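Peer 1: First the structure, then my questions, so here it is.
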Amino acid sequence: MKINFTKMEGIGNDYVYIDATKNDIRLSPEQIQKLSDRNFGIGGDGVIFIRNSNSGEFQMDMYNSDGSSSEMCGNGVRCVGKFVYDHGLTKNQKPTIETGKGVLTLDLKTGTNGKVEMVTVDMGEPILKPSLVPIVWKGDEPVINQVIEVQGKQYHFTAVSMGNPHCVIYVDDADDFPVREIGPIIENHPFFPRRVNVEFVSIKGKDHLYQRTWERGTGETLACGTGACAVTVASILNGKTGRSVRIDLRGGTLHIEWQENGSVFMTGPAKEVFSGEVEI
């Protein structure tokens, strides 16, 4: 079977995008792993199908590079917005996208060539109730600045869900931190029944943070949009920043704002890398 695809990236968080609005394309976990393979496939952090939706204009159906399904990807949903607009699936510059977190509204900003360059996403309200993050914890109070022990060392973390679970940890120097050693241990920690994405964060200045992310089912990625939203929420809850934050990641920069009304807004670029046809 031959499939048309488009490779896209949002500050280095790259996925293989497949338009399934006309044909109901479904792939097995093994096929998704094959497409995501950076040596023997197209290469990416996973595969995202763009489908028709009964609750929004389109649905984002997302899978990690290991073939497991995922609820949400902030960088991914920005690229979905660019895809549906640039490829003529909609003329609406404020399309609604159904995700595992619910229906999100995007605000598309086009450049001089008429193509989408920047996207702002209303990511909705963060989820802090432990049972909904989810995290195995006593009580219903948000898990803020609590202790997790890894390899005999204690780390303070805050648990936030942006439709997918995040564990935010502050370190002195995230760039020098052993993310690939500690990340997978926390990802699979008994605290987190559905595993967890882990953010390692250092403070660069006033309302300016640096983030590295270990994504569940994928490993370290150059960027994580929902992670940046979770980091912003955690930073405000811990009194480290104001409500509008610049977050630098290895792939680029995102601007996140947690508004007083509860919604988190994420702004960042979306780019198309190349497109083609693949035998699967």
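Just so it is clear, glycine is given a Cβ too, placed from its N, Cα and C backbone atoms.
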Peer 1: Do you know which of Asn13, Asn23 Swiss-Prot groups with Asn64, Gly74, Asn75, Asn164, Asn197, Glu215, Arg216, Gly225, Thr226 in the substrate site?
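Peer 2: Site partner of Asn64, Gly74, Asn75, Asn164, Asn197, Glu215, Arg216, Gly225, Thr226 for substrate, according to Swiss-Prot: Asn13.
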Peer 1: Measuring Cα to Cα, how far is Cys73 (active site, proton donor) from Cys224 (active site, proton acceptor) in Å?
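Peer 2: Rounded to a whole number, the Cα-Cα distance is 7 Å.
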Peer 1: Cβ within 8 angstroms of the Cβ centroid of Asn13, Asn64, Gly74, Asn75, Asn164, Asn197, Glu215, Arg216, Gly225, Thr226: which residues besides those meet this for the substrate site?
Peer 2: Ser70, Met72, Cys73, Gly76, Thr213, Thr218, Thr221, Cys224, Gly227
Peer 1: I want to check the contact list for Cys224 (active site, proton acceptor): same chain, sequence separation of six or more, C-beta distance under 8 angstroms. What comes out?
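Peer 2: Listed in sequence order, they are Asn13, Cys73, Gly74, Asn75, Asn197, Glu199, Gln211, Thr213, Glu215, Leu249.
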Peer 1: List the residues of the same chain that sit at least 6 positions away from Asn164 (substrate binding site) in sequence and have their Cβ under 8 Å from its Cβ, in sequence order, or write 'none'.
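Peer 2: Spatial neighbours, sequence-distant, of Asn164 (substrate binding site): Ser70, Glu71, Met72, Cys73, Gly100, Lys101, Asn197, Thr226.
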